[in-house]
Amino acid sequence: MSKDPVRVLVTGAAGQIGYAIVPMVARGVMLGPDQPVILHLLDIEPAAEALKGVQMELLDAAFPLLKGVVATTDVVEACKGVKVAVMVGGFPRKEGMERKDVMSKNVSIYKAQASALEKNAAQGCKVVVVANPANTNALILKEFAPSIPPDNITCLTRLDHNRALGQIAWRVKAQVSDVKNVIIWGNHSSTQYPDVNHATVRTSCNGEDKSVRELVGDDQWLNGDFIATVQQRGAAIIKARKLSSALSAASSACDHIRDWLLGTPKGTWVSMGVYSDGSYGVPAGLMYSFPVTCDNGNWSIVQGLRIDDFSREKMDATAKELSEEKALAYSCLD
Ligand SMILES: NC(=O)c1ccc[n+]([C@@H]2O[C@H](COP(=O)([O-])OP(=O)(O)OC[C@H]3O[C@@H](n4cnc5c(N)ncnc54)[C@H](O)[C@@H]3O)[C@@H](O)[C@H]2O)c1
Ligand SMILES: O=C(O)C[C@H](O)C(=O)O
């Protein structure tokens, strides 16, 4: 017997990431190849016509798993009955704008969407915030949707995680699927700390896992250019495309939700921005990216990893930036 369709909300659906992610969801990349879906697409009034175009294309593509599309500019209608919410819509930084101006616009968007989700989403709805500043938008969403369990609200750092896997695979000439257990700590920003101290690569000769530090054999690169490349990758994509990353962001958001709902493979963790419980000395109450394993729709922070002085300093620096962003966001609420 076929499964009941799951309603998946994509906000900012007429934008770049929206355009990349909706066919992935409709093809089963996010929820599995046997899971029918109904897509809820939200955008704002100026993008209503473009949104209609996306809806037309979804019909034209005749996706077997796609059982319906709700395309709307009404946030309440968009949130009704959704089990998964991918929050891509937001206000981008424009020329001449101060950080505070962008923050203030996004705080009011995420405050309003939090209450629409809280009142209208299906019970147990899982939320991933993609729109920047992703960690702080997710924190605001959490604060203004108190009836949604905090564990159900996350932000996307899986793109950074995947970027780190890609850089290591390239460097040691391995398949990316053989690299695992990198960590992105902290903010989805240039202060994030991509950590390879616990990462391994499955070697082709005997299939054993070898430590990345041992295989790369170049701590100067790992502690320098590797970190900078991952931290700056978003900016490098913007420079090359004149647009920010979209297909990799969409694909990583699918990875994030798929692993969260369907589980991480045994012995493997992924990075997710989650509400800090104080693990690893990260201040509680920040939306901070940690290594997590997922099982049965629940994530848990991987505990007991050794943190050296180099890592400690970088983990604290990104936590400091998040505390400052949080203070700025709260000042916009006054
Ligand atoms: N976390 C990550 O890894 C990551 C990666 C790439 C991009 N991003 C961020 O994702 C966001 C979207 O990127 P994009 O390239 O798709 O941008 P985009 O400008 O192409 O699309 C954004 C869409 O959001 C819509 N929108 C604006 N306000 C809205 C609201 N209140 N409700 C619903 N929709 C609204 C816009 O009309 C637009 O269609 C940006 O903030 C970008 O910085 C995050
Ligand atoms: O949109 C951006 O500023 C960059 C984006 O967050 C990315 O990491 O690609």
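Using the three backbone atoms N, Cα and C, a Cβ is placed for every residue, glycine included.
With helix defined as DSSP H, G or I and strand as E or B, the domain 'Lactate/malate dehydrogenase N-terminal' (6-152) counts 67 helix, 27 strand, 53 coil. What TrEMBL lists as domain 'Lactate/malate dehydrogenase N-terminal' is 6-152.
Taken from TrEMBL, the feature NAD(+) binding site covers GLY12, ALA13, ALA14, GLY15, GLN16, ILE17, GLY18, ASP43, ASN106, VAL130, ALA131, ASN132. Neighbours of GLY18 (NAD(+) binding site), defined as other CB atoms within 10 A of its CB across all chains, total 25.
For ARG99 (substrate binding site), other Cβ atoms within 10 Å of its Cβ number 12. What TrEMBL lists as substrate binding site is ARG93, ARG99, ASN132, ARG163.
What TrEMBL records for 157-327 is domain 'Lactate/malate dehydrogenase C-terminal'.
Around the Cβ of HIS188 (active site, proton acceptor), the same chain contributes ASN132, PRO133, ALA134, ASN135, CYS155, LEU156, THR157, LEU159, ASP160, GLY273, SER289, each under 8 angstroms and 6 or more positions distant in sequence. The active site, proton acceptor annotation in TrEMBL covers HIS188.
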Sequence-ordered binding-site residues from GLY12, ARG93, ARG99, ASN106, ALA131 with Cβ under 6 Å of an atom of ligand 1: GLY12, ALA131
Confidence summary (mean pLDDT) of the domain 'Lactate/malate dehydrogenase C-terminal' (157-327): 97
What binding-site residues in GLY12, GLY18, ALA131 place CB under 6 Å from ligand 2? none
Considering Cα atoms only, can you say which of ARG93, ARG99, ARG163 is the nearest neighbour of ALA14 (NAD(+) binding site) among these binding-site residues? ARG93
